[in-house]
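Over in TrEMBL, the protein carries these features:
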DOMAIN    3-215  domain 'Alanine racemase N-terminal'
MOD_RES   25  N6-(pyridoxal phosphate)lysine
Ligand SMILES: *Cc1c(COP(=O)(O)O)cnc(C)c1O
């Protein structure tokens with residue numbers, strides 16, 4: 001199927017309140033243009049250099065989502081370029097984002113990435129460290145937390161559902177409280193293989209790569 005057909009098939013199944021992010025990592029500008037022409041305005045990239053290279057070649061009404069692990073020394077390249085950073089996972093990274101955005105008098109919109117399955121291979125903070133990170137966010141002047149993000153471990157449907165459910169319950173708990181600089185607008189979870197389940201469990205932002213652009 002073409003990119004256009006893939007997108008229209010996915011969109012048919014999506015409830016209205018879901019933001020669909022087309023994950024375009026490793027894919028060419030031509031492919032992104034094809035998705036753009038179907039109306040997609042949210043694109044996700046996981047490498048800073050690749051993202052920067054693409055931004056200049058594509059329309060400027062795209063909302064770019066940085067979804068990869070972010071090294072502190074690369075933060076400066078993202079300032080003013082992305083609409084949402086999905087991968088805040090340490091106080092150290094937070095401090096660098098605050099510093100770089102302050103320099104430019106801009107505000108970063110971020111999601112806190114949680115390593116909900118506690119996998120060594122994945123980034124994201126453990127739930128136990130969430131309070132500490134949120135406290136640090138409350139003292140910032142140039143960072144706004146807009147929600148949570150997770151990449152769950154591959155596994156059987158029941159286990160996946162459990163992880164998505166845990167994320168939703170953390171999100172709900174935070175939403176019911178009041179913190180400086182924090183509003184639970186987005187729950188970013190679900191990829192090609194598991195987005196339908198993620199939505200059932202409460203996701204409102206899905207990140208689809210393969211299902212739109214084909215295998216990488
Ligand atoms: C690559 C990637 C995706 C998309 O994965 P697919 O399985 O191709 O849909 C989603 N989220 C993150 C963080 C990714 O790195």
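Just so you know, glycine gets a Cβ as well, placed from its N, Cα and C.
Non-local neighbourhood of residue 25 (N6-(pyridoxal phosphate)lysine): 44, 45, 46, 47, 50, 68, 209, 216, each in the same chain, at least six residues away, with C-beta under 8 Å from its C-beta. On the 0 to 100 pLDDT scale, the domain 'Alanine racemase N-terminal' (3-215) averages 98 in the predicted structure. Residue 25 (N6-(pyridoxal phosphate)lysine) falls outside any helix or strand according to DSSP and counts as coil.
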